[in-house]
Amino acid sequence: MTASSGTPPHQTVERARELREQLGTAQHEYYVLDRPTLSDQEYDRLFRELQGIEAEYPTLCTEDSPTRRVGAPVQSAFSPHRHLVRMLSLDNAFDLSELEDFEQSLKRVVGDAIHTSGYTVELKIDGAAVALTYREGVLVTAATRGDGTDGEDVTANVRTIRGVPLRLHGDNHPPLMEVRGEVYLPFAGFERMNEARVAAGEPVYVNPRNAAAGSMRQLDSANTAARPLRFFGYAAVLPDGSAPARSQWELLEQLSAWGVPVAPHRQRCHTIQEAEAWATVVEHETRATLGFAIDGGVVKVNDMALQDELGIRADRTPRWGVARKFAPDMALTKLRRIDVNVGRTGVLTPFAVLEPVDVGGATVTFASLHNADQIAAKDLREGDTVQVVRAGDVIPYVLGPVPEQRDGSQQPWSMPTQCPRCNTPVERYGDDVAVYCPNVACPGRQLEGLVHFSSKDALDIDGLSYARIQQLLDAGLVHDVADLFDITVDQLTSLERFAKKSAENLVAAIAAAKQQPLSRLMFGLGIRHVGAQAAQLLSRQYGSLDALMNATAEQLGAVRGIGSIIAQSVASYFADPTTRALMERLRARGLRFDEPNAVQADGVLTGATVVLTGTLPSLSRGEATALVEQAGGRVTSSVSKKTTFVVAGEEAGSKLDKAKELGVTVLTEAELLEKLSGASADASADASA
């Protein structure tokens, strides 16, 4: 599109402003609130529309436009940047005793005032520190920590991180301020990035922290934009060294209100013992569920006035804070051998058999190796000394070998050419990195398929453990999922270690699983590419298994949130005569083939576009969205002339103002529920007539 040198029409100016607002709101909901209301497809459509407007009228491309995140080549090497105030590093504490020593050092300066203040405790993100300078609420500079006084200007790269606000929300921000935080890579994104590097023949990153730091120093920010980086803020300073808040807790709340992502699981603690209790829970329970790396917690004096009074030590560490470090989440051990597991779809997955080693407080004997390409890229050999990581990951994985410790006895490894469970020649499809066993009767595939079918997110069959399923397979009692529903108490009690009560409980649990809704059955079938969310979307849209089985790939792909790959996979699965025979066997055994929360084709909100804003009295955002969608409506994130109505709660803000301005109907939660219950009453009356 050729750029226009003329003045853009008023409606185009307004549309560009509206798009920037919609996309900014969507990014805030996704990256900060973790409550997205705009689908990826809708976001991409709006993004492309804004790109088109800005290409035609370059004067409409503002500094805070979401399109400015895409990335552009840096013209020269990184320039030095002087921080507004020196970035400090915290001292460390490794247990309660050292935290108590820290508190005693505080009391020597401020006495018992520390008890009035208390502490704010936060996660210590294992990433790359950056400082973001905002002038009049607009991001103007981003820099690395450097030596604490001077860092490197990485503005072009940081602008590509969607969680970093290009313009702060609200209008109560200082004229000039530096927001500090950590750029990090979630574990899932780190794995995807390394897989892409393997496919491209590039060396893999050793850990997420190194990957985040390396991403900040890309000379072409388009490379940074392609990486799934995230950001958490933890501090803000003004030019005079003060903070724009009276307490650390208030500062974190203010950062969040400005649209800056803040790490979860922060807490106010009245005593240092409470801070240690928090750290213990985070280290041994929370850490494994986070999905990103942390290497400890941070304990800070909450009162900012006391922080100022405490000041810094001669070694340039602040007296008012300390890092409560956790046990290392990486360890070295011996890679005894590499074995291969066969998954439910036939994928052969190599895994490491290790000499037992303590990693992050747990003994690790097995670890993930992902696929043969990654093993080759890392040059892993049986007998190697390897680095094993468990941080934040339920399944430990091998980062790489320690080549310096090789003595010549280590042996290279290659993927077997035959399935280790059934000896069928393996196959590799196109450019897929995975290797498959094509035999649907493979014992390995049968075992993993049954385990998945009975898992918690599928039919949730209590008592049907991995070992029990293996026992049933070995006894010839089951070969596929339909066979489970033919098992009797007498058959089970004839097996070893199966008491009558246990057998009765398992048969009862299998019978109860017949009443699970279609969405759980769909997920349990183990259709390639179909996760729990996709299964739920399809089941709610079609309402019955028969309707799903008869849908074409094109029809399935039209369901919001279902892409062409999933649609084709589902259509191909149900087109297979073997699958259809299995479905009839399940039907004959009384399984439920309908979805109770299916979208109503003629629902009261069919065709309606609804916006939810503010805090509703009793419904969460997710619950309200589900009710609207079940009634046939669609929930969007922004108000326009096409909006049917807005449901407003407390602190509704700009969306409510926009609705009133456009004359869009505004409902309370009670009015929404009345509208929905009225539809239910009408339906009941029709049914009884």
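Count begins at 1; order follows the chain as displayed.
Backbone N, Cα and C atoms are what each Cβ position is placed from, and that goes for glycine too.
As written in Swiss-Prot, here are the features:
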BINDING   ASP40, GLN41, GLU42, TYR43, ASP44, SER89, LEU90, GLU122, ARG145, GLU182, LYS300, LYS325  NAD(+) binding site
ACT_SITE  LYS124  active site, N6-AMP-lysine intermediate
BINDING   CYS419, CYS422, CYS437, CYS442  Zn(2+) binding site
DOMAIN    600-689  domain 'BRCT'
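Annotated features, which come from Swiss-Prot, shown on the structure.
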| residue | record | contacts (Cβ under 8 Å, 6+ apart) |
| --- | --- | --- |
| LEU90 | NAD(+) binding site | VAL298, THR317, PRO318, GLY321, VAL322, ALA323 |
| LYS124 | active site, N6-AMP-lysine intermediate | ILE294, ASP295, GLY296, GLY297, VAL298, ALA323, ARG324, LYS325 |
| ARG145 | NAD(+) binding site | MET87, ALA129, VAL130, ALA131, GLY151 |
| LYS300 | NAD(+) binding site | TYR119, THR120, VAL121, GLU122, GLN248, GLN307, TRP320, GLY321 |
| CYS419 | Zn(2+) binding site | VAL342, LEU348, PRO425, VAL426, CYS437, ASN439, CYS442, GLY444 |
| CYS422 | Zn(2+) binding site | CYS437, ASN439, ALA441, CYS442, PRO443, GLY444 |
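Other residues of the chain with a Cβ within 8 Å of the Cβ centroid of CYS419, CYS422, CYS437, CYS442, the Zn(2+) site, are VAL342, GLY346, PRO420, ARG421, ASN423, THR424, VAL426, PRO438, ASN439, PRO443, GLY444, ARG445. In the three-state DSSP reading, LYS300 (NAD(+) binding site) counts as strand.
Counting residues of the domain 'BRCT' (600-689) by DSSP class, helix then strand then coil, yields 39 helix, 17 strand, 34 coil. CYS442 (Zn(2+) binding site) counts 21 other C-beta atoms within 10 Å of its own C-beta, drawing on all protein chains shown. In the predicted model, the domain 'BRCT' (600-689) shows an average pLDDT of 78. Other C-beta atoms found within 10 angstroms of the C-beta of CYS437 (Zn(2+) binding site) number 25, with every protein chain shown included.
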